[in-house]
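Step one of this worksheet: look at the structure below.
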Amino acid sequence: MSYHKELAAAKKAASLAARLCQNVQKALLQSDVQSKTDKTPVTVADYGSQALVSFVLQQELRAEFSLVAEEDSKDLRKDGAQEIVERITKLVNYSLTSDGSYNVTLSTEDVLKAIDSGRSEGGSQGQHWVLDPIDGTK
């Protein structure tokens, strides 16, 4: 079985996610870092990268697959998180359109759904993608 299409999608997703991380790194704000319930840090780059990878794989593969990833939108849906959600959405949309890859603007709900698409537990059937962050998680 040839995996050229999957490899191209993975490269595109990783490239866009890396660009988002670089943009965050250039101007990291203290408000961009939150603590999860287990006291580990999570940044807008973590959420944004996961949203980008999910979106790109869905667009490029157009096939049934699952994404096993670390983040979910539970904390982002809480009261008081609107500012960080808007920042993540802006970063995702900028990353998607900055190089002309996509002519689309995702809503905050689209971004939250893309993040949540990483909640799969995998399994013995179907195609599964695993997104393992390289952010130094404790």
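Here, residue 1 is simply the first one shown, and the rest follow in order.
The backbone N, Cα and C atoms fix where each Cβ goes, glycine too.
Automatic, uncurated: that is what TrEMBL annotation is.
Annotation source TrEMBL lists Mg(2+) binding site at Glu70, Asp132, Ile134, Asp135. The Cβ of Asp132 (Mg(2+) binding site) has Glu70 as same-chain neighbours under 8 Å, each 6 or more residues away in sequence.
If you look up TrEMBL, you'll see 117-138 marked as region 'Disordered'.
Summarising the environment of Glu70 (Mg(2+) binding site), the number of other Cβ atoms within 10 Å of its Cβ, over all protein chains shown, is 17.
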